[in-house]
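One structure is given here, and the rest of the page talks about it.
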Amino acid sequence: MESDSGQPLNNRDIVPFRKPRRPQETFKKVGIPIIAVLLSLIALVIVALLIKVILDKYYFICGSPLTFIQRGQLCDGHLDCASGEDEEHCVKDFPEKPGVAVRLSKDRSTLQVLDAATGTWASVCFDNFTEALAKTACRQMGYDSQPAFRAVEIRPDQNLPVAQVTGNSQELQVQNGSRSCLSGSLVSLRCLDCGKSLKTPRVVGGVEAPVDSWPWQVSIQYNKQHVCGGSILDPHWILTAAHCFRKYLDVSSWKVRAGSNILGNSPSLPVAKIFIAEPNPLYPKEKDIALVKLQMPLTFSGSVRPICLPFSDEVLVPATPVWVIGWGFTEENGGKMSDMLLQASVQVIDSTRCNAEDAYEGEVTAEMLCAGTPQGGKDTCQGDSGGPLMYHSDKWQVVGIVSWGHGCGGPSTPGVYTKVTAYLNWIYNVRKSEM
């Protein structure tokens, strides 16, 4: 049989008719296996994550050799991992060291240097003072920032000798045989732009505080739970109380939240290191100070800014107005922790009154401050620990750290604070050790 074209038909030329596959059949044959594989992979990932969460919660993994130890063995002072990594990322005691040989005075932030030859302090003359010397002075105090300095006139009541200085990248030194200060001026030095807030507080009495009034306040949290307050000193460092960390020594479980007056309403920042002052066995309530180093530096903004450290000669007389802030309990017994940052205006209480028989009976030492109100009612409670006691001159300074007290807001037992001026050298040395 031939085709119309005259060519014989060949069975091989005939294309068999195939019934098109319906979409439903294609899905059953191809889609379902793919989905099954994806779901299996997702299930495996979820199971792996759950296993990791459980392991991380109860166990620590030692690297070499691979072993598991219980979380309770972390930071217990014993090397349970062969290579000792279970004791590496722990809260560290930082001992007292020799004092830093530079300081700033409340007299116009003038720079003073310790004369190693005589053991006395001298104000620094502006003659031949350079930006390099300014950076060296600031680095001695633990500041790694661009300093600002200017000349200020020597006043007639200047009570320290005036000296020219020299130095290297490590420290300033009094220049031997330096001439008189020809410029008639001292060095006024600022190592960091600090202590500025966008709003001035106007209300008192434990009321809600806007975040831009206190942009240096942070929440320090352990396993996502607020434990203590703290104060931003610079992009890397947070100042707080040592007792916040006595029970929880694993640094990796601590986080810092900054930039919000609502508890838990800002991203958490990982912590690199925590240093606490070595405790004094004779006075266990002393040395309640700690520094937290962040893994990444803060970016300053209207709601994230540093507070100033006090000047070395800053003295607060009784009745000086100061401020306290925090997310503490609103009542002494049975109250709940505030979700909003609270502020209160208080005043410095005379240490003699604070140590009276109806108060703290001599427990308050020279390294502490008392603050409250004579009638009581405005104070700090649990949860405010580590937060700042603040004083305003031309800028805000953190003069105290919330430390301890009996009750909350009692008229005879005001709050007790770590006196920051007593620990300036400790702060300088800790920061300098990490530069």
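For all residues, glycine too, the Cβ spot is worked out from N, Cα and C.
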Per Swiss-Prot, the disulfide partner of C370, chosen from C354, C381: C354
Per Swiss-Prot, the disulfide partner of C194, chosen from C81, C90, C308: C308
Per Swiss-Prot, cysteine bonded by disulfide to C228 (from C191, C244): C244
Secondary structure content, the domain 'LDL-receptor class A' (59-101) (per DSSP, counts of residues): 6 helix, 12 strand, 25 coil
Candidates C181, C191, H243 (recorded positions) - the one closest to C81 (disulfide bond) by CA: H243
From C181, D288, C370, S385, the recorded positions whose CA lies within 10 Å of that of C244 (disulfide bond): D288, S385
10 Å Cα neighbourhood of D288 (active site, charge relay system): matching recorded positions from C125, C138, H243, C308: H243
Surrounding CB atoms that lie within 10 Å of the CB of C62 (disulfide bond), all protein chains: 17
Closest of C90, C194, C308, C354, C370 to C62 (disulfide bond), Cα positions, disulfide-bonded residues only: C90
